[in-house]
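The transmembrane segment annotation in TrEMBL covers B:12-32, B:64-83, B:138-163, B:195-218, B:225-250, B:256-278.
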Amino acid sequence: MKFSRRKFLKTSAMAGALAAPGIWIPKSRGAWGATLTEGKPIKVGVLFSLTGGLAVPEEDSTLVMQYAIDEINAAGGIAGSPIEPVIIDAKSDFSVYSEKARELILRDQVISIFGCYTSASRKAILPIVMQRDNLLFYPTCYEGAECTQNTVCTGPLANQHSKDLIPYMVENFGKRVFFVGSNYVWPKESNKNAKIWLENAGGELLGEEYIPLGDSEFGPVLNKIREAQPDFIFSTVVGASDIAFHRQFKQAGFDAEKMPIASLTTGEIETKAMGAEYGAGHFLSAPYFMALDNPTNEKFVDGFLSSPYGKNGVTHYNMSETYNSAYVFKAAMEKAIAEHGFEEVTPARVRDACAGVKLSADISPEGETWVDEDNFNTWLVPKIGICQSDGSFKIVKQADAHVAPDPYSIYPDIGTCKANGLVAPDGTVRTDVI
Amino acid sequence: MDISSIAFANSLILGLSIAGIFFVAALGLTIIYGTAGVINMAHGEFIMLGAYTVYALQTFMGVPYFLCIPVAFVVVGAIGFAIEKSLIRYLYNRPLDTLLATWGVSLVLIQGTRLIFGSDPKYVQIPQFLSSNIEVGGLSLGVFRVFIIFMALVLAAGVWLIFYKTDFGIKIRAVTQNREIAASFGINSGQVYSFTFALGAGLAGVAGALFGALNIVLPTMGMGYVVEAFLTVVTGGGALLGSAIASLAIGELQSFFALITNSTFAKFLIFVLIVVFLRFRPQGLISASGKRR
Amino acid sequence: MTHNAYHNKTLQWLFYIAVLAVLGAVPLISNDAFLLNQLAIYGVYGMLAVSISLCWGSGGILNMGQGIAFGLGAYCMAMTMQMQTQADGTIPPFMLNNGLDSLPLLWQPFQNTSTGIFLALFVPTVFYLIFGGIMFTARVSGPFFAIMTLATLSAFATIFVDLQPYTNGVNGISPPSSLKLGQTEIDPYSSGAYWFVFALLAACTVAAKLINQSRFGLIVRALKDDPERVRFLGYNVAIYETLVYTLSGLIAAIAGSCFAVLTQYVSPAQFEVGFSISIVIWVALGGRNSLIWAMFGAFTVQGAQSYVGDQFLSTWILILGFSFILVVRFLPGGLAGLVETLLGRTTKLKMEAEHANLEFSDGKEVLK
């Protein structure tokens, strides 16, 4: 009888708890808990990995973010208030991203988070960002097919990234191409877009291979490439694997002059990490290169490298996207403050104010860019560069006009991403689509 | 799916090279595990230290690559010796605890390396002639991969010589078979274990010197090797020949599965096959010492 | 057997009740949403530690793949939560990008919340039952079993990455809203969610403790020390091993389900080797032979990770590594072993003063 009594007590306690709805909903639900005060610091979260496997690109993002914030604060901050970054090391661990995002939002009550590089970390933090209606500035390239009301992306979408690269490569090297990517969402989505450009350019896809993230054995893939004899390779391999791929490519006797790799990821930091001779002759499509010849970029490169944050000795596309995100934030904050007054600014209002924010060519090192009014991604100009023997890039082609971001370009049946949500062809609107 | 015979032959050759990589990665572990029964979770970090040794020698002293390999052996061997003397020797009768303690060692080694060299990636330079390809009638393999197979054979031969043709080897085998009786014959088993551990660590250092050229050199690079090395050793049973056969089987199968499916699924199949194999033969292919199962 | 307060059963229960009472009172003291959520997640880690202490500390089965049950439970729960947010007839957005146009069979049971929650516990438990049964009847034990769990865990990690249309690959599943039970939404930042997880933690701990003290637990502990002897006594060792392993799997599955509810996120990272090994490390630090100290081990390491880590970014891992080496080297019983020794010393002094009372404690054997 003892057990049944215990069971009874437990059940009735549970029922009691369920009947008191107050305990299931915390008081602060949904609202942003803090209020900004004029002249007081504006807290933002900076959430990248400084250690672990993702540190290679992400440490630079933290450094350039600190640089941009210093620069903004030195010039008077945002309407007189300095930006105060809360810098977090996410240790390349998705659970840490998720925990720290909750801490930034709930405890530090930041008005926005700048962070994440991989899609997996973004997906890990989006539930809390959306639930508390906070704002994530996601400063890198990504696959799209996502429509939240809480993200502003300053990097190229899959539909912008390879639009020029594929036709350029087909024209200069031939029609036969082999796709290699890391085994996750971004490479697969990028390849779907690339296939469209490839078809338009009259190219032929010989094969498509995906390698586990972080894996370093490219032997089987290189054998398949040798068998297929493509004219060039289109690569979306990321991180440490990318470096292994380029090294093993050359070691397997492939020649970049005859069969180059056209990549969406292999930038200045990667060529530095793999040894310049392994990168030489390969191509990259990105909106920014360290070698871009314009006065803003000159100022950015000189300023950054001579600052305390410039220890890694290069600037690359991811950094320019992060740097720009700080200025988009600044512009949007100023807009929101002008519109609502300091005390009334919330993350959601900052987000709304981001719509259409334009960074002029004397702020943005990659040239003028602006945030789309509907889907909050960025209009930008992808460029194509070839890696030189010293690891730097020479720009060989630049798009004539800005390319529009469209997160659902290849899924017209699903809908169009608008400011208020994903609008399906039949007119229904869905919010928080991740 | 139609696969040309050339593709199949190439996959066999590549399998040989993957087997070489597995074997070189697992060799040091085989010795440590086979002799002392120590499950050394810091093995991957010994590999990482080997790669960093080569990087440091090349960058700060301009030592040529081939000379770096023996130096990596000595440096990492010495580190292994120090770790054995200060920690592992207290844990020999607690095999599961060595597993945990060496996990702690691996954390310390990773973080120590990060503090000294920073967390940005490094690379190992190799001579120009290793960066090319041998091609015979459609069959091909990179010279560097041939070099790894060659090194695997050299190291295997070296270890075999040490174990079966030297006094030290006789002592090792005696201690492996029965520590107490060996001790009663005047063999200092503590010393044998120390040197065996150092030898195993040194071999991991050589593996690092080789892998540093294939892969990116990072403080965390060892993590990628340790699980696979373990599975090879356990599948092999802890003996030298067992590890060699296990590497060969895993390498060839991985290469073949990757040819007919994809690299991710190939890895999955390998894991499943290992579990199934060990279910029916828990002692592995060739058991180093009869008493463990 | 010495007379040690550590082994006094009544004192042990009092200690358990005191600890659980303190943990249960947290929401009465604080309503910091972040803290409640974070502590609830520590509670999940505590359950994992209890599950490992049960199968490793009591049964001597070192399981380096506890992420299997944890991950499977978390995936099933996340799938349930994802389906709750789907309007009728729609499928999760990631499937559309992966070329699926209708809900795959694998996902269909999760359309019903009760079935989904049931599966979150059932699937991992049955997997453990089958896997454990197969392994233990073949008399796989010790480090070999540990390696097998490691290999199986890696197999799960790879296949969940590769089956992208069904699992969303590396990105995992992040349900956009919290779990709803009937009309009640379990907001992961509420005191309700904290108490929910805490009640499960308390139930798992008490159940594990009762198991340890039962006849079943006695046999399990005996086979840890010498399985051959237990076999000769006529017990079917494999059945006992399988059962204790399966029970630990069930606790880990509960932990995994709670984790998905609290974080609204699950990915193949839950199957990572490093995570499963770190569970073993918490338990080793806290003391594998004591459920509650194993739980403290989880709280200590994870708490330090969250709070110490930020102050000394680069030295934290060094500290963790060294402290771990020191514990294994000098405190094989973990913190619990330290407490046991200290308590033993004080009681011994008292006993000497009382001229050695020869009454035997009715508590547990001194476990090694």
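Placement of Cβ uses the backbone N, Cα and C atoms for every residue, glycine included.
Bear in mind that TrEMBL entries carry predicted annotations, made automatically and left uncurated.
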Cβ pairs under 8 Å between the transmembrane segment (B:195-218) and the transmembrane segment (B:256-278), at least three: no
Top Cβ-contact partner of the transmembrane segment (B:256-278) among B:12-32, B:64-83, B:138-163, B:225-250 (pairs under 8 Å): B:225-250
Long-range Cβ neighbours of the transmembrane segment (B:12-32) (under 8 Å; 6 or more residues past either end): 38, 40, 43, 46-47, 139-141, 145-146, 148-149, 151-152, 155-156, 159, 196-197, 199-204, 206-207, 210-211, 214, 225, 228-230, 232-233, 236, 238-240, 242-244, 246-256
Same-chain residues near the transmembrane segment (B:138-163), Cβ under 8 Å, at least 6 residues beyond its ends: 6, 9-10, 13-14, 16-17, 19-21, 23-24, 27, 31, 126, 129-132, 169, 172-173, 199, 203, 206, 210, 213-214, 240, 244
